[in-house]
């Protein structure tokens, strides 16, 4: 898919990886709906992007992605404003082991809800023109993390859901591709959450273990993750792909064996 002229919706777009995604999409000629719960950060992000790009290229919508009605209203507003939707990036996420229900609602449930809303608008069988959905996971979605079991579970869920939904979308000839990104530690505000008891709960005493992991794996910068996003969008052959981004190997992909049933039906 060529990005130029397309309309993208990015959740968690006001800061960090989400903002890097928005900038990369705008540089490629897309129009971008900036969706974030943080009103102040969202307004500041929109203003900063307006200085670099034409103001009509972006739209900021405050939304709590864990609120189903707000999320539905947000999709409707984006399509009403821009007239279409081509690219969806479910990026909003938190790290909170203490309030673990919140973590699952934001990290996993909102991704599933957003994906189905995206399919409602983009699927060819619903009158859409096709498109692409990118769901943000993590290396924690591919490996165990003792100090963050709920965060880890939410990210594993994204990987399994995205791979399965990609197969379903292809089976239905929806014209929509689905892929996920699994980066290592990224230089965002989430890294600061490991210092706080209200985030880590019973695992706060192990924060030094996480710091040791960060030193071992290194820290990625958001623009590299945005490069991965553009790759997934522009390569029409990628569907159900799980992109890994690490300091040691850069952008690469997780290998999976074909299931016996898939092998039989191919």
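Keep in mind that glycine also has a Cβ here, set from the backbone N, Cα and C atoms.
As recorded in Swiss-Prot:
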BINDING   12-20, 36-37, 63-65, 91, 151-155, 186-188  NAD(+) binding site
BINDING   138, 148  substrate binding site
ACT_SITE  151  active site, proton acceptor
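The most densely surrounded of the binding-site residues 36, 64, judged by C-beta neighbours within 10 angstroms, is 36. With every protein chain in view, the residue among the binding-site residues 15, 138, 148, 154, 187 whose Cβ has the most Cβ partners within 10 Å turns out to be 138.
Under a cutoff of 8 A between CB atoms, and with a sequence separation of 6+ in the same chain, the neighbours of residue 18 (NAD(+) binding site) are 10, 11, 12, 36, 89, 91, 92. Residue 12 (NAD(+) binding site) counts 26 other C-beta atoms within 10 Å of its own C-beta, drawing on all protein chains shown. In the three-state DSSP classification, residue 187 (NAD(+) binding site) falls within coil.
Cα of residue 148 (substrate binding site) to Cα of residue 154 (NAD(+) binding site): a distance of 10 Å.
Taking a C-beta cut-off of under 8 Å and a sequence gap of six or more, residue 151 (NAD(+) binding site) has these contacts in its own chain: 95, 96, 97, 103, 107, 138, 140, 145.
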